[in-house]
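Working notes, structure below.
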Amino acid sequence: MPELYCNAIWDDFYCWPPTPAGQVVSRTCSEIFETLHLQVDAESNGAKAYRVCEEDASWLRGNWTNYTACIVLIREDSIAAPLAVSYILFICSVLSLIALIITLFIFCYFKSLHCQRLKVHQNLVVALIIHSILLILISSPVVTGDEVAPHIYIGWLCKTILSLKMYAAMASINWMFVEGLLLHSRITVSTFQQEAPFKIYYLIGWGLPSVFILTWCLLMSRDLNSSCWKGYGDSNFVWILNGPMLIALSVNTFFLVNIIRILVTKLRASASAETAQVRKAIKATALLFPLLGVTHLLFAINPGDELETTYMITNAVFQSSQGLFLAVLYCFTNSEVQAALRNAYLRSQIQSSTRRSSSNSRTASNVNSEAIAEASCNKKLLSKKCILPLHDCQETENSVTSEDNSREKSDHNRPFVG
């Protein structure tokens, strides 16, 4: 480069290269939009965006780029799809977060529900809560505006949020794998006859994801210098995260198939009707699908081209509503949870009724005591002894004294009759 030049700069859409002072650098709209995965009209006619490097080696108007010729080429559906995905992620994640917080409270508060499988449920719920919070943070700039979510302009903070989101996604899938491992071992081989090895579970659920995420972050920091690691999905390093998750989901799929096979075998051995057997098998499959994360495996590969919009929206729905499905299927509609809530409600009603009855009995006792005290006072006024409160006694004695004085005055003014 010559002695005077404008530095390379990122304008939130494209990374513009260093440019000699007094020159104009341009790029075709197709080249720019390709990096953003935006679709443009076929007849672009070589339209370009450009930046101007002034003679003093500073970019014209700071971080301004002229995209006028490119804006008219953007297809409406290429903008509508990412916008719809952001709103779906935000709304479904908020609903999932609310449902998961209620679920975690129920699981922790009611001691009658505690068991080994519930501990695994609790860890899975915590991972999904973290994932929902981070999805809300990531989608909020589009939904609420950049002013409300300034973290997208702070490089290290944006990368940290993205890394934590990837960690939470990987941890939730690993805890789904633990769910499948525990359930499969209970139903089939009974590997863990007594206590489940929760140290191993914690290592799988929280430990392994941290190792993969730290490795991924180090490689991304070394080789990808884009803002907030944009374009990380196109890098081969993404398989450091996707590979273990696909393996865990594939093993869970095997667990699911084997569990359903055993269930169907046991149903056939029973005397129930064929339709009832099919209904139970379908219900079990529907319950285990979201728990074991098999829905993630259905959308592991982006088909691209015409199906990409459908893939993005469907994947956003399943990714952000995973926690909501889990809360509804394994908490709100669970018979044991409903029984615990019903018992808690009945206990509160009984305690409230007991407090009201005891309060009424105390009130009645106080009324009876006052009545007895007043009757006793009336009797003892003759002997100048009163057990009523002081102000009541004074009022009574004053009234008696005034009656006596008036009686004496009337006797004194009465004419003598001989």
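A Cβ is built for glycine as well, from the same backbone N, Cα and C atoms used for every other residue.
The compositional bias 'Basic and acidic residues' annotation in TrEMBL covers 404-418.
The feature domain 'G-protein coupled receptors family 2 profile 1' is assigned by TrEMBL to 1-74. Regional average pLDDT for the domain 'G-protein coupled receptors family 2 profile 1' (1-74) in the model is 78.
TrEMBL lists 85-334 with the feature domain 'G-protein coupled receptors family 2 profile 2'.
Residues or ranges marked as region 'Disordered' by TrEMBL: 397-418.
If you look up TrEMBL, you'll see 87-110 (among others) marked as transmembrane segment.
Under the heading transmembrane segment, TrEMBL lists 122-142 (among others).
If you look at the transmembrane segment (154-178), the same-chain residues 6 or more away from its ends with a CB under 8 A from one of its CBs are 120, 123-124, 127-128, 130-131, 134-135, 137-138, 201, 204-206, 208-210, 212-213, 216-217, 220, 227-229, 232, 241, 244-245, 248-249, 251-252, 291-293, 296, 322. Among the features that TrEMBL reports, transmembrane segment is placed at 154-178 (among others).
Annotation comment: TrEMBL describes 199-219 (among others) as transmembrane segment.
For 239-260 (among others), the entry in TrEMBL reads transmembrane segment.
What TrEMBL records for 281-301 (among others) is transmembrane segment.
According to TrEMBL, the transmembrane segment annotation covers 313-332 (among others).
Same-chain neighbours of the transmembrane segment (199-219): 120, 123, 127, 159, 163, 166-167, 170-171, 174-175, 177-178, 182, 237-238, 240-241, 244, counting only residues six or more beyond its ends whose CB sits under 8 Å from a CB of the stretch.
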